[in-house]
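Per TrEMBL, ATP binding site is recorded for B:Y8, B:S9, B:G10, B:G11, B:M12, B:D13, B:S14, B:S15, B:T16, B:L17, B:L18. Positions annotated as Zn(2+) binding site by TrEMBL: B:C191, B:C199, B:C202, B:C205.
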Number of protein chains: 2
Amino acid sequence: MRKAVVVYSGGMDSSTLLAYVASQVFEVYAISFNYGQRHKKELQYAKKFAKLFTNLVEHKIIDISVINELIQGSSLTTPGIDVPDGHYAFETMKSTVVPNRNAIMLSLACGYAVSLGANCLFVGVHSGDHFIYPDCRPEFIETIDKAFRLGNQGFANEDLRIVAPFMYSTKADIVKLGKQLSIDYSKTWSCYKGGNIHCGRCGTCFERREACILAGVSDPTKYKDNRSLDVIQKEMEKK
Amino acid sequence: MRKAVVVYSGGMDSSTLLAYVASQVFEVYAISFNYGQRHKKELQYAKKFAKLFTNLVEHKIIDISVINELIQGSSLTTPGIDVPDGHYAFETMKSTVVPNRNAIMLSLACGYAVSLGANCLFVGVHSGDHFIYPDCRPEFIETIDKAFRLGNQGFANEDLRIVAPFMYSTKADIVKLGKQLSIDYSKTWSCYKGGNIHCGRCGTCFERREACILAGVSDPTKYKDNRSLDVIQKEMEKK
């Protein structure tokens, strides 16, 4: 059977991706990363959610938190820097960038894929990520895919490619697909702040809430701040 | 002052690279990786040799041996698989490939370079590596460099590039340069087998010995098997 490696965080997008890949005729290998993110909670969610799929052969959680000796200053990984509230498209969201994160994760996942003789390496980047995160944009993914093919010539399965099926989808598109795949999104974790429940205010909570609204899917998530997005946004604009 | 990150293993090539970069007007940051290689000894050599350079600001040794949970089957990292003897250009040398190793190391080094605001990311690949290792070839390095530029747009120093000054040099060229830079090669480590002294027979010992001969530089290394390369090669061909 053909093999697929899925880069998988336990969030909405990559959980939908996992379900999407598992709904096809693949042996599925999921890989998650502990990179010192303060929302490590996503990994606990990832572990549980992955168990739902019978054609998932293996789910590896790889500790690369050593990268924090190299990369400093991201609010996602640096204790003293606050995760900003507000919409993903805000300039302030730039503090959540971890430089070269996707190159690092994809390089490791690709090594795994080559070693397995896999045919596809799936990643859940989508169009909503493009504005803030340059390493989610199509030109980056296409170019690093080309680099990996060149760098593994003669060693990788010949048809090995990075596949990003949501590249031109919105998060609302993803949620709508997830609904059709019967995903229970209460079993996924987004919030960057990593508290007991989703904060409802940070970039990824905003995105999660907005996606459900736009997709017309009821949101099963409990939010600490559960006032409407409009109210929260207006409050933030006043500050 | 401009900043340079150097990917640095403690071997001949990258030690020469470090000396070459340190001889220029750069603040130098060196990065070495423990990836579970059986010749970890190179890292001890790396540590000592790096101390020779006054404009070296920092030398980080990063433990990524976790990649061995992902990537299996290389003779460099798998205890049950023997490191082959003989010339680098032999087909048997393919067992020393660690899939996607350079992509993984360069991704981490690039994250470091972006975080530092560095201008150059130096890597010591050379033409002798091209035959066996696809991730040392110019088209790979050029393409992953392009991917990194795309993936860090707006976050990296604008002029950040991967620089591979030895890309079209032979190892003999490197040794000749090293001599001019007054490098004492007894302070570098090559042997893949990682014993007490260099074995004199494995791919990288062969290469090291041959490079000194071709460069007309006397080789200060003690080899366990110190018969001539011709004699060793003939013996191997008989087997």
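Cβ coordinates come from backbone N, Cα and C, glycine included.
Known features from TrEMBL, placed on the structure.
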residue: B:Y8; record: ATP binding site; DSSP (3 states): coil
residue: B:S14; record: ATP binding site; DSSP (3 states): helix
residue: B:C191; record: Zn(2+) binding site; DSSP (3 states): coil
residue: B:C199; record: Zn(2+) binding site; DSSP (3 states): coil
residue: B:C205; record: Zn(2+) binding site; DSSP (3 states): helix
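For B:C191 (Zn(2+) binding site), the nearest neighbour among the binding-site residues B:Y8, B:G10, B:T16, judged by Cα separation, is B:G10. Close to the recorded Zn(2+) site, the chain also has B:V83, B:S190, B:Y192, B:K193, B:G195, B:H198, B:G200, B:R201, B:G203, B:T204, B:F206, B:Y223, B:K224: residues not among B:C191, B:C199, B:C202, B:C205 whose Cβ is within 8 Å of the site's Cβ mean position. Look at the Cβ of each of the binding-site residues B:M12, B:L18 and count the other Cβ atoms within 10 Å; the largest number goes with B:L18. For B:T16 (ATP binding site), the nearest neighbour among the binding-site residues B:C199, B:C202, B:C205, judged by Cα separation, is B:C205. For B:Y8 (ATP binding site), the nearest neighbour among the binding-site residues B:C199, B:C202, B:C205, judged by Cα separation, is B:C205. Other residues of the chain with a Cβ within 8 Å of the Cβ centroid of B:Y8, B:S9, B:G10, B:G11, B:M12, B:D13, B:S14, B:S15, B:T16, B:L17, B:L18, the ATP site, are B:A46, B:G124, B:T188. Between the listed binding-site residues, namely B:C191, B:C199, B:C202, B:C205, the fewest other CB atoms within 10 angstroms of a CB are found at B:C199.
Comparing CA positions across the binding-site residues B:C199, B:C202, B:C205, the one lying closest to B:L18 (ATP binding site) turns out to be B:C205. Annotated pair B:C199 (Zn(2+) binding site) and B:M12 (ATP binding site), C-alpha to C-alpha distance, rounded: 15 Å. Using Cα positions, the member of the binding-site residues B:G10, B:M12, B:S14 nearest to B:C205 (Zn(2+) binding site) is identified as B:M12. In this view, B:S14 (ATP binding site) is surrounded by 26 other Cβ atoms within 10 Å of its Cβ, with every protein chain counted.
Using Cα positions, the member of the binding-site residues B:G10, B:M12, B:S14 nearest to B:C202 (Zn(2+) binding site) is identified as B:M12. Local packing around the Cβ, expressed as the count of other Cβ atoms within 10 angstroms, is greatest for B:Y8 among the binding-site residues B:Y8, B:G10, B:T16.
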